[in-house]
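So the structure is just underneath, and the comments pick up after that.
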Amino acid sequence: MNGHHTSIPISDDSKTPLLAADNPQFHRSGSFRSTVNSIFTLKNLYVVLGPVLCAAVCSFMKLEGSSPGSRNMLGVLVWVFTWWLTEAVPMPITSMSPLFLFPLFGITAADEVAHNYMNDVIALVLGSFILALAVEHYNIHKRLALNVTLLFCGEPLNPPLLLLGICATTFFVSMWMHNVATAVMMMPVATGILQRFPAGPSRSVAQSKFCKAVILGVTYATPIGGMSTLTGTGVNLILVGMWKSYFPDADPISFNTWSFFALPMALLIFFVFWVVLCLMYCPKGSGPALSTHLDKTQLRRELNALGPMAFAEKTVVAVFSILIFLWMTKNITDDIPGWGALFDGRAGDGTVSVMMATLLFIIPNQKQEGEKLMDWNKCKKLPWGIILLLGAGFAIADGVNKSGLADILANALNFLHKAPYLAVAPAVCLISSLITELVTSNNATTTLVIPILIQIANTMHLHPLSLIIPGAIGAQFAFMLPTATPSNVVGFSTGYIDIPDMIKIGLPLKIVGITVVSLLMPTLGRFVFGTDKPM
């Protein structure tokens, strides 16, 4: 360590002493001012703001018919959401705060809160992420990219078709993998195709537009594909988990039930999205300008360089395919029970997810003696932040319910029961999408709005799903700002697109999405979820 640092450097080297003996930080006189400055920063102000607002709510807020428990719960909610929104404390750490706040404020016992942090939904996410890491490790995504480009290139090159191929592949991958994992996996695939074009001023307008179209395509096909299955995104899992915890006696939303509704919806939005992309970024006659750089023989050469699929790659694909098959056949219909019936409904989607992920640590990869397909070192990249955030979401839902805060919120929203459903559903969708866009993550938005929407549905005498589904899906319509979702960040960070590009495509996409959900929910939704039957 040299002596010129003004702050203590942190080294990854385990042998580096934590405090260097000659660090000037500890000898400099007049460091009082710098100490004061380092204490009074905006971030530290936000750290204090959480507990201060919580104390204010608990001391001064009078809720009609409230108990101390429900007031404390509201205070804790304000504290947790203040930290989430300002990121005063890292998000995963804020996500763990219910573990100490709930018991200390007398909301629920420590064990009850902790149960929310590891349930079947979280097991499902864990297993899926381990499989996604295996796909990445064996370069299966690169092979996929080259095959897609070859398949959709067309002779002569047809840019809208190639764009459809890339977007549809992303959509399909996102159905089975978490949005962040899909974006991180497919973006190298997209940039790999675009690197064939010249960079800088020598790039023609047609090439530049096509580059933007591909990056926007992958960025937005990711959340659209994610909506269509339960495993595609954390939001759908939160929705299912909360539905189960609020209405334990109601029919749970199974993988198939969700897909019957969400897949047609997502395909409709996807089709409009592709048309809008082509109109804005694929002008007629752009084929020749692109075809010189997308040479089929060169693509084939690269694919041949990867060689035939080895045993390890084939096995990972097989394990993933079996998992998808098991998810789809757990509960088929009321008349045809799936394999779930063999276990009296005790096995969940998380059960098979973790079981199949475990196989990767047992099957040898046949590359080196004794080496398995996956080892724990390769799992170091598991996104624990998302897993803790999911746990926090379930804990908050549980707390809002048990503390009686849910009923108080319901009474406050009584005025809504006169509004027509076709006015409320788009409003719910829009509000959810704006909260995600401007304020917080789509998972946190869903966690925040679902308990409130359940109460609004009760006041309006509606089936709860007819509002919480538009609310949860709306939270995924964050298409306009790079910071709105991690997949937007991944697309924006490639450098091919800027904010005006995102708004130009994102705004029509948001309007289309809200319209489609508002129209499908009272029609297809009524048929799939039985929202016309009383609860």
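Every residue, even glycine, has its Cβ placed from backbone N, Cα and C.
Some features that TrEMBL has for this protein:
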TRANSMEM  45-63  transmembrane segment
TRANSMEM  70-86  transmembrane segment
TRANSMEM  121-140  transmembrane segment
TRANSMEM  213-240  transmembrane segment
TRANSMEM  260-282  transmembrane segment
TRANSMEM  303-327  transmembrane segment
TRANSMEM  347-363  transmembrane segment
TRANSMEM  384-401  transmembrane segment
TRANSMEM  421-441  transmembrane segment
TRANSMEM  462-485  transmembrane segment
TRANSMEM  505-529  transmembrane segment
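Beyond the ends of the transmembrane segment (421-441), by six or more residues, the same chain brings 81, 84-85, 91, 389, 448-449, 453, 456, 460, 462, 466-467, 470-478, 480-481, 484-485, 510, 513-515, 517-518, 521-522 to within a C-beta distance below 8 angstroms of the stretch. If one looks beyond the transmembrane segment (303-327) by at least 6 residues along the same chain, the residues whose Cβ comes under 8 Å of a Cβ in the stretch are 127, 131, 134-135, 138-140, 142-143, 146-147, 150, 176, 230-231, 255, 339, 349, 352-353, 356, 359-360, 363, 365-367, 373. At the 8 Å Cβ threshold, with sequence separation of at least 6, the transmembrane segment (121-140) comes into contact with the transmembrane segment (213-240) through 3 or more pairs.
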